[in-house]
């Protein structure tokens, strides 16, 4: 299934599912992608794949009709972060992220860099606390707050800077929706369908639990990419989410 590269031709999906592509081999990744339907999910490209295969790989996914979450977690001086975010927008991605711990000036510069793109600008999301982090990990960094409290502090700063939302754990989603409102988007990794292995994520939920918690976009990796029938797995997840809505 191959569509043209223009953003207007990309398949529209109402699914909250974002499939994390974690492949060492480009052909393996594209082989997987060709088995699934862009109406059933969006795709996340992270640091490893982007470093290996570059912007052209993102374009190949877009040509197949998929919206792309470019998960590079920019964290740099304000000017550099702003230019990086603008480059992602030039690439036509659907979503891009920065680290909230980069501070207010960095996040504000990143947001301002997207103003010239108008309605074609990607969603700009900030990372709060990585889902693999526990209280002991934060303590090692000199942070005495709990992961939940630290994530909320960073989320408040993110909203103050005018970004579209945050990456957070599903456990934080209920409170974040109450505190920051329905328009503030919540993107959550560590989502595993019932019966899946937890992998390296520590704070996990099922898709149905995440939806009930207020998560807007849920990132799912190996339960889909390692499925014998990924297309059917996606359809089953989406059907379950529709029943839960």
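Cβ atoms here come from the backbone N, Cα and C positions, even for glycine.
Annotation source Swiss-Prot lists active site, proton donor at 73, citing sequence analysis. Other Cβ atoms within 10 Å of the Cβ of residue 73 (active site, proton donor) number 17 in total over all chains.
Secondary structure at residue 131 (substrate binding site), taken from DSSP and collapsed to helix, strand or coil, is coil. Annotated substrate binding site per Swiss-Prot: 22, 44, 71-80, 131, 192, 201, 221-222, in sequence order.
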Residues satisfying Cβ distance under 8 Å from residue 72 (substrate binding site), sequence separation of at least 6: 46, 47, 50, 84, 88, 96, 97
Residue 131 (substrate binding site) to residue 73 (active site, proton donor) - Cα separation in whole Å: 14
Nearest-integer angstrom distance between the alpha carbons (Cα) of residue 73 (active site, proton donor) and residue 221 (substrate binding site): 18
